Amino acid sequence: MSMGIRLDEKFQDRRKDGIEDAFMRQAVSSAQNRLRDGRLNAAGELGDWEAFRDHSEEIRQHVLEHLDYYLYQLSENVSKRGGSVFFAETPEEANRYIREVIRSKQAKHVVKSKSMVTEEIGLNEALQEEGCTVVESDLGEWILQLDEDPPSHIVAPALHKDRNAVHETFTAHGYTGSNDPTELGRYARQELRKDFLKAEVGITGCNFAIAESGAVGLVTNEGNGRMVTSLPDTVISVMGMERVVPSYEEFEVLVNMLCRSAVGQRLTSYITTFAGTRAVGEVDGPEEFHLVIVDNKRSNILGTQFQSVLQCIRCAACINVCPVYRHIGGHAYGSIYPGPIGAVLAPLLDGYENYKELPYASSLCGACTEACPVKIPLHELLIEHRRVIVEEKKQSPFVERIAMKGFAVTASSPFLFEAAEHVAPFATSPFATSGQIEKGLPAWTDSKDLPQPNKQTVRDWFKKRGNA
């Protein structure tokens, strides 16, 4: 199962679409500036931000090194709270289990809170095939669902839209008001409330699951997570297998880092933890709770040179500083995980066949690594991906392989190298104008200057200087 957005289009075409979308680029640029500045201000309030990053990295590394222990502890405590736990190796297994739960309830209306992993496994499409109406309750995700538009950002999925675009979408679905944000928000609240009240099943993601208690933690700004977990009689939470913490102590640290890194807030409006089924005497909460823990090739990443990518807490700080994302937007990546984290993660989860271009969609400036609150060496992992693509997978472009082999032969022979230096000015003349190569290599010359080789070589120049 592919988790791509538009894999029927080549990356070069998606990239071009993004670059040529002036409105999207302006929206992304403004959002990046706002989110980046907010993160820096919020981080400064903590004092020694680097110490917090070090501690957060230690927490995530410790969990990954002892993941089997904490997942077992989590599953035991969920069961003690009356919940059911299902370990899904593949997206198909996860979707099949969730469909069976919904089928057993004869449910037709499902409401969801924001969840990257459910998008990763294609859950909405699987449930719609079952005949269910699935409603996203996160405002940004709901807007995109109405517009049949994929998300472009991990934290702010509708980042590429402004209020006029939202107004146009709402109007197409019966809205008659203005484009005032308050009025738009009121309409969304009224419509979503109807879905909350008639939903038979609620589905959530999981920011962090707490092993010592069996609780699931949700971080939201809209309160939709609490509605999804308190109103339906059946609640299903879906989590990537790495999204577990030992205790509330570590949960507190990572939530603090998540909120400040994602949106520049000390805390989001709602930090929700819930565990198991409704207890005797409680008036809300589910009568039935299921926790689906998804592998989807994560276990293949453990113990490899890419293991540190599983430290990710999905804050999107790397995306908010990435110059490539700034120019091409999220849709160009063809994955629900865009930006630097997507360029590292997508090939691991869905194969180099689909995403071998993404590791090259980077300037390797290292801004992503500096911004990451859990210190994932993202730019180093991108370089490692490139090495794997070229040396192990042998998937570099054919022309590039031939060119590199030819250069290796030429550069290792003084005679051939000197001959090439003298031939190059004449060989490139048909493609050059005023000393600049302008044809034949569009991937380079469309965005960079490429001077024509000089007729006087360095060796010739040196000989003349030496005789002077």
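Heads up, the Cβ atoms here are built off N, Cα and C, so glycines get one too.
[4Fe-4S] cluster 1 binds CYS312, CYS315, CYS318 as Swiss-Prot records it, and from the list CYS206, CYS372 the residue named for this site is CYS372.
For the [4Fe-4S] cluster 2 site that Swiss-Prot gives as CYS365, CYS368, the extra residue drawn from CYS259, CYS322 is CYS322. For the pair CYS322 ([4Fe-4S] cluster 2 binding site) and CYS315 ([4Fe-4S] cluster 1 binding site), the C-alpha distance works out to 14 angstrom. Annotation for the binding-site residues CYS312, CYS322, CYS368: lowest Cβ count within 10 Å of the residue's own Cβ, CYS312. In this structure, the binding-site residues CYS315, CYS365 were compared by how many other Cβ atoms lie within 10 Å of their Cβ, and the smallest count belongs to CYS365. Each residue contributes its Cα atom, and for CYS312 ([4Fe-4S] cluster 1 binding site) and CYS365 ([4Fe-4S] cluster 2 binding site) those atoms are 19 Å apart. Listed in sequence order, GLY339, PRO340, ILE341, ALA367, CYS368, THR369, ALA371, CYS372, ILE376, LEU378 are the same-chain residues six or more apart from CYS318 ([4Fe-4S] cluster 1 binding site) with CB atoms under 8 A from its CB. Nonlocal intrachain contacts for the domain '4Fe-4S ferredoxin-type 2' (352-381), taken as residues 6+ away from its ends with a CB within less than 8 angstroms of a stretch CB, comprise 2, 4, 7, 11-12, 15, 36, 39, 52-54, 56-57, 60, 257-258, 260-261, 305-306, 308-309, 311-313, 315, 317-318, 320-324, 328, 332-335, 339-344, 346, 388-389, 393, 395.
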